[in-house]
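Features reported for this protein in TrEMBL:
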- 29-50: transmembrane segment (TRANSMEM)
- 62-81: transmembrane segment (TRANSMEM)
- 147-166: transmembrane segment (TRANSMEM)
- 157-224: domain 'EamA' (DOMAIN)
- 178-198: transmembrane segment (TRANSMEM)
- 210-229: transmembrane segment (TRANSMEM)
- 241-262: transmembrane segment (TRANSMEM)
- 282-304: transmembrane segment (TRANSMEM)
- 316-336: transmembrane segment (TRANSMEM)
- 348-366: transmembrane segment (TRANSMEM)
- 372-389: transmembrane segment (TRANSMEM)
Amino acid sequence: MLRRLNTSVVTFVQSFFLPESQLSSAQKWVLGLVNLGAVVVFWVLSSFLVNDLFESNVYRKPFFMTWINTSCFIFYLIPYLKYEGLTIGEFLSLLREDFYRPNAMCLADLEQSSPKSSTYGSSSDDTLVALLEIEAVDSKAQQDEDVGLWETVLLSFKFVLFWFLANLVTNASLSYTSVASQTILSSTSSFFTLLVGAFYGIEKINKNKVFGILLSFSGVILVSKIDSWDESVPDGAPSSLSAWGNILALVGALIYGLYTILLKHKISKPNSTSERILNTHLFFGFVGLFSLTMLWPLILVLHYTGAETFQFPNTYHILLILAANAFITFISDFCWCKAVLLTSPLTVTVGLSLTIPLAMVGDWIFRGFHINPMYMCGAAAVTLGFLVINKDEKEDFVAEE
């Protein structure tokens, strides 16, 4: 038993450094579930850490905290370069080569479509064309399986704003509402994912899914009403502002649904339900790089406009919480992406609903949250809506396979 546990731990650690192509199907499924469990615990823990700062009003800086957390993703470039055995210069050369590769493929197609000359001395030209054709075919076959370097960097550039905004409004919502309410409302992201996915033709909507959506939002409305009546909101945030916190949580769920579907759409194979292999280290690394280099001027804008005054952490307690929250976000967001790639978005969406009871238990234990039967009914309605939708989604997924 102990040996099996040690093997499981080692395999879990290896999943952070090995590409999915080197893992067996059983490893992918088990590691995906382990990563999902880590996400559930880490996300709730992060919410409590942020809420601890906001409720005491000692450091209410949601934009700065989000910028720090997202910029830390740049450290994922270190294991990527180490595993690939590349220096920064060698990586830039490969990136430049991958950028020009489509031009080489177009040149090969052009040479192939042009009439071949039968004159003496054309053998060298034929050899060059043949080499270009072989390289083009190999490159296209590889692109069908892997997301290229340049495409991954572009994907990071496109998604950094969505990713940042989703985390920003989620952190900001904790200034005005409880962790349990924020968790429940944020969990509605699966329904936004379903709606946006139907728009892109990735998901299918039927009566069962519509019923699940209505059931879930009835629970959302119930939780929002009860939370607006509750007095246990963060200090410095009037009870009337809890509705604003709930709206921010819903906006974060909407943005999450948008970038989840867009990510799946971008890495899917053409005319297929299967997906290409995305290097998560490279993807997250450039998300952190773009956040670090492009978003810092907004800190100055917010400071001089008075929207969020910049201030360095002035106590050890604040610094410790900021560091712990950055580390948790660093691990949990990577685990989320790995869970999606190793299992399926459906499994991850169902699993994330476990944050609802976990956050409620945490609020009751650590913050003296009053046990309200109607609150529990709202949480149960949201969870039941998840189960209805995802049961139907699983049947569609199995049928397509």
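Glycine is no exception: its Cβ is also placed from the backbone N, Cα and C atoms.
Per-residue pLDDT, averaged over the domain 'EamA' (157-224), rounds to 77. Contact between the transmembrane segment (316-336) and the transmembrane segment (241-262) is not supported, since fewer than 3 Cβ pairs fall under 8 Å when only residues 6 or more apart in sequence are counted.
DSSP places the residues of the domain 'EamA' (157-224) in helix, strand and coil in these numbers: 54 helix, 0 strand, 14 coil. Recorded stretches compared: 241-262, 282-304, 372-389; the one with the most Cβ pairs under 8 Å to the transmembrane segment (62-81) is 282-304. Residues 63-64, 67, 70-77, 80, 149, 152-153, 155-157, 159-160, 163-164, 310, 333-334, 337 of the same chain, all 6+ positions outside the transmembrane segment (282-304), place their C-beta atoms under 8 angstroms from a C-beta of that stretch.
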